[in-house]
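> First the structure, then my questions, so here it is.
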Amino acid sequence: MNSGNIYVIAAPSGAGKTTLVLALLAAEPQVQLSISYTSRAPREGEVDGRDYHFVSRETFEAMIARGEFLESAEVYGNYYGTSQVWINEALAAGKDILLEIDTQGAAQVRRLFPQAISTFILPPSAEILEQRLRNRGKDSEDAIERRLKAAREEIAHVEEFDHIIVNEHIDEAVRDIIAIVRAGRLTLNRQVARHSELISKLKGA
Ligand code: 5GP
């Protein structure tokens, strides 16, 4: 069976992950982004079914109890999870799928799918990280400190990932993430499955 790859992308907030993911999806339309479920309220401009499937805490907990998540985690007091059914269908259809999840979720996915290809996005410096977190609206010093702490806790897991991209120049970072996705499709297993006929003909078999 020609099944697709699972690409996991994690990053602290302030690393520029969303911009990178959007550019990747535009360049590689075969990659399907998994839309997570969350119990957090939609932010301004977010659309249900596009950014997340927004559900209540009760619905989310019932979904956990029914085993409907491939992975789930509580981040800043809200639940987030990846749909098991959606992933199974996408993989069976041979699609490459992209999971934009936190490091707890990434660890769960790695246990279930050791072949998943994971990438961590880093900001180019501690100063820039802090600056980006500060620029996100008029938050109190407390809120900014909390975000910085959360970012540091995510970054503590960087060594668990297969790839690291330092997002200093966005164009270069976009090329890097595209390179990771494309290289993942050129591995022996994928290529032998895709080109078995060509390979046996070329071998003269
Ligand atoms: P935000 O609320 O800012 O959209 O996301 C907060 C954090 O939750 C981010 O680190 C994001 O990657 C993570 N996240 C989003 N969806 C999922 C998911 O389905 N599973 C897990 N484990 N984390 C998620």
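In case you wondered, yes, glycine gets a Cβ from its N, Cα and C as well.
This is the feature table in TrEMBL:
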type	residues	note
BINDING	Ala11, Pro12, Ser13, Gly14, Ala15, Gly16, Lys17, Thr18	ATP binding site
DOMAIN	4-182	domain 'Guanylate kinase-like'
> Measure from the Cβ of Ser13 (ATP binding site) and count the other Cβ atoms within 10 Å, all protein chains considered.
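So the Cβ neighbour count for Ser13 (ATP binding site) comes to 18.
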> If you draw a 10 Å sphere around the Cβ of Thr18 (ATP binding site), how many other Cβ atoms fall inside it, taking every protein chain shown into account?
12
> If you skip the near sequence neighbours and keep only those at least six away, which residues in the chain come within under 8 angstroms of Ala15 (ATP binding site), Cβ to Cβ?
Ile121, Leu122, Pro123, Leu129, Asn167
